[in-house]
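**Student:** For reference, TrEMBL lists these features for the protein:
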- 254: active site (ACT_SITE)
- 18-479: domain 'Aldehyde dehydrogenase' (DOMAIN)
Ligand code: NAD
């Protein structure tokens, strides 16, 4: 803390050193609950990114590459333990930066540690294979690190989503340059500090907070980077893909969603209702996997829409530090304005405003908005098709299985989907037809380190989590050894 009470982190973490940024500039991080600057965090520019990439490249041939994978796993496990031991402090920093209630960010710290624990165990289980393609040839594959991984993070769950990338990247023996989002620059530098304490060698993890158009762009286009692992908006992913094209960087993208939540009339309605409220409004709607479109079969539609609106109105919006708070403010003024614009679009399109739409009573300062439910939303409107990234739910009726599958697939996104029914055959039939990377039945969004996660269409490229992600942090090398004796015939001899 500085004398004036600001949280100050004015150094970047590059090559195992805490260095002042080349420009000497800091990002002024705003506390979304008070709309005031709470932290000054070092801002990286192109020169800092260049230095970080060089450090990461050097580290590729350092002790990290020679370390037994089991030892790498042990270091990751130690980092997981340190996150758990420092969870309260990390959760408070994250909460000041992005406005999530501390009880939510505390839960995310535990999950971040769980993720790292899983990937600590994965470090010595990434095997190649022996391929019996000829009797006198020994053919086998090696799984080698991709090289320098550029991780570009969003602001909604910085530490957790950082660990989704850091866990498998380090387990596979890569080195990293991590760029946190400019809205939430503070917390990942704490992860760098803990990584250092855990025994991660210098240069293996480099952390450079900075703006997307400067530091992010420099990382995405840097010829010394082999892979970009990105989470954020699909428009940014498209720009990154173009920047990354010059040296054919491997790219994986986790982008947004407009997740369908389908309730058939034969479902356990109380269960569907309870899951829907949390799935639609948690994290102030700032989640890629939010149940933002609820389709309800006509016989139960009116009752369901009224009940979800009644429950949404009871959600306690408040200060992130207050233990009773269910959801906090938006992370930024821009995100609040975006949510408000979609509320306006909903009203103008003739959708029925069931609850919310304005600022919660008594919260005059901070980027707050009421949980909002629209019913009778026209499926062709922007509110029904585009990602809001706020607590705004569109409820729509349907009359047949065929119709709802068409509606569910009628967006450019395809991240997460869910359906509630007691008909077993229908559950499997519809799940197979939903164009999403993760579909759940009678539950929603069971995101877990053991389950592949990622999107169809504009929701992304590639999958995170599970052992499957290790494919995306390794290159496969095929080695063939000829075991035969004698001199092979020379076809050019005569
Ligand atoms: P964003 O795309 O604006 O920013 C994400 C990151 O990209 C930030 O670090 C930003 O600085 C950086 N960036 C911006 N422009 C860049 C450029 N030209 N080159 C390189 N980097 C650049 O996204 P956001 O607003 O931080 O996050 C919200 C979006 O992220 C939503 O669409 C949400 O659905 C998505 N998201 C997806 C997942 C997932 O797992 N699928 C998780 C969380 C958020």
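Cβ atoms are placed via backbone N, Cα and C, with glycine included.
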**Student:** For the domain 'Aldehyde dehydrogenase' (18-479), would you mind checking the mean pLDDT of the predicted model?
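**Tutor:** That stretch averages a pLDDT of 98.
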**Student:** Return the residues near residue 254 (active site) by Cβ distance under 8 Å, restricted to its own chain and a separation of at least 6 in sequence.
**Tutor:** 161, 230, 231, 232, 288, 453, 454, 455, 459, 460, 464
**Student:** Please report the three-state DSSP label of the residue listed as 'active site'.
**Tutor:** strand
